[in-house]
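Reviewing the structure listed below.
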Amino acid sequence: MRFKTRVLLVSLLSLSLVVSGLACGPGRGYGRRRHPKKLTPLAYKQFIPNVAEKTLGASGRYEGKITRNSERFKELTPNYNPDIIFKDEENTGADRLMTQRCKDKLNSLAISVMNQWPGVKLRVTEGWDEDGHHFEESLHYEGRAVDITTSDRDKSKYGTLSRLAVEAGFDWVYYESKAHIHCSVKAENSVAAKSGGCFPGSALVSLSDGGQKAVKDLKPGDKVLAADGEGKLVYSDFIMFTDRDSATRRVFYVIETKEPVEKITLTAAHLLFVLDNSTDDLHSMTAAFASSVRAGQKVMVVDDSGHLKSVIVERIYTEEHQGSFAPVTAHGTIVVDRILASCYAVIEDHSLAHLAFAPVRLHHSVSSALFPQNFISQSNATLQQEGVHWYSKLLYHMGTWLLDSHVLHPLGMSVNSS
């Protein structure tokens with residue numbers, strides 16, 4: 001019976017994706033598909049994200065040198081991609097050895113390089129290092145780092161190559177030298193390698209009764225402050241958690257505003273509504289990953305008069321918190337700690353994500369209308385379960401099948417973790 005229910009929901013999902021008129025979100029321009037990003041080259045000595053390489057917000061801590069005789073040597077896999085040139089100065093094949101995550105990102109980057117510059121290939125000058133040529137605790141010793149150039153060694157391309165590496169999903173990219181770009185990834189077992197899109201449990205939302213509640217305490221029947229399709233504040237039904245994890249420590253981005261000083265804390269792959277500094281028109285706002293927001297952009301803050309106001313982002317930094325929660329409302333938006341955010345993550349297209357959850361909204365509307373008391377009690381029992389909701393897992397897997405990998409945030413979703 002459960003299988004039939006899932007088939008029905010998948011059918012409804014497919015139907016919802018072609019009914020574009022069902023999309024809603026703050027602002028009239030909100031439903032427009034985002035144009036392809038313009039690649040902004042990295043500057044010399046710039047690194048992304050703007051934190052130290054071996055912090056949890058980047059590639060994470062050093063876990064120990066791997067040698068050919070160590071138990072962990074089996075973690076390394078050779079990369080024989082014909083579209084990548086390996087310098088291999090040592091003639092040992094060591095530069096081809098890397099972790100699976102590093103291999104996946106490198107192969108993705110190789111495709112981007114050929115698309116960007118026809119006839120040019122990606123070139124790896126350093127991969128796994130077994131000879132001790134790097135500084136102490138270098139991620140090269142674990143097969144988690146590569147130094148790269150283009151095959152034509154055209155230094156004018158290296159800034160753009162750095163940006164392509166960021167887009168390919170490397171966890172830390174550094175325009176380190178005039179001679180190469182340094183890229184690294186998280187360890188395979190890192191709990192931060194897949195962070196999904198969540199808020200810390202202590203984040204506050206506003207309720208229709210005038211009170212506030214921590215995100216972790218939301219229950220069916222709650223109406224929380226959100227925004228409608230015209231960018232007006234409304235109280236929207238809380239429907240479900242797409243992810244509910246009380247235990248895992250994760251890295252969160254903190255987006256802090258200037259005058260008034262407010263801050264919202266969310267994971268890298270979560271969507272936040274932003275405006276460029278040149279406009280205050282709410283209809284021009286778009287949804288961007290938290291990790292892509294920059295100081296000088298604007299976010300939407302609820303002012304003292306109860307209206308949305310665009311406020312400049314002053315600084316961005318990272319914090320670690322235990323517990324993460326991803327609430328979904330009927331409008332697909334939510335005001336958290338006085339700042340407007342999307343309920344969605346992983347894919348940088350709020351309208352598409354909102355369409356994908358149309359079957360969930362339909363189920364909520366019908367069930368709550370026909371069986372209000374039973375629906376709330378049954379939903380309460382379901383919501384207390386830890387982990388990623390099965391429907392979110394389904395959407396994520398469908399997204400990886402149907403969408404270009406560059407559309408999905410590299411920190412995506414850990415569908416097997418809580």
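Quick reminder: no glycine exception, Cβ is built from N, Cα and C everywhere.
Features of the protein shown, as given by Swiss-Prot:
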BINDING   E89, E90, D95, T125, E126  Ca(2+) 1 binding site
BINDING   E90, E126, D129, D131  Ca(2+) 2 binding site
BINDING   H140, D147, H182  Zn(2+) binding site
LIPID     C24  N-palmitoyl cysteine
MOTIF     32-38  motif 'Cardin-Weintraub'
SITE      D243  site 'Involved in cholesterol transfer'
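Mapped onto three states, the DSSP output places D95 (Ca(2+) 1 binding site) in helix. The separation of H140 (Zn(2+) binding site) from E89 (Ca(2+) 1 binding site), Cα to Cα, is 15 Å. Same-chain neighbours of the Ca(2+) 2 site beyond E90, E126, D129, D131, judged by a C-beta within 8 angstroms of the site's C-beta center, are, in sequence order, E89, A94, D95, G127, W128, E130, H133, H134, H140. The two recorded residues H182 (Zn(2+) binding site) and E126 (Ca(2+) 1 binding site) have their Cα atoms spaced 9 Å from each other. Taking only the Cα positions, the spacing between E126 (Ca(2+) 1 binding site) and H140 (Zn(2+) binding site) is 8 angstrom. Ranking the recorded positions H140, D147, D243 by the distance of their Cα atoms from the Cα of T125 (Ca(2+) 1 binding site) places D147 first. Sorting the recorded positions E89, E90, D129, D131, D243 by the number of other Cβ atoms within 10 Å puts D243 first. The CA atom of D129 (Ca(2+) 2 binding site) is located 11 Å away from the CA atom of D147 (Zn(2+) binding site). Sequence-distant neighbours of H140 (Zn(2+) binding site) (same chain, 6+ apart, CB under 8 A from its CB) are E126, G127, W128, D129, H134.
A coil conformation is recorded for D129 (Ca(2+) 2 binding site) in the three-state DSSP classification, outside any helix or strand.
Summarised as a single figure, the pLDDT of the motif 'Cardin-Weintraub' (32-38) averages 53.
Note on proximity: of the binding-site residues E90, D95, D147, the one nearest D131 (Ca(2+) 2 binding site) is E90, by Cα distance.
For D147 (Zn(2+) binding site), the nearest of the recorded positions by C-alpha distance turns out to be D95; the candidates were E90, D95, D243. Other C-beta atoms found within 10 angstroms of the C-beta of D95 (Ca(2+) 1 binding site) number 22, with every protein chain shown included.
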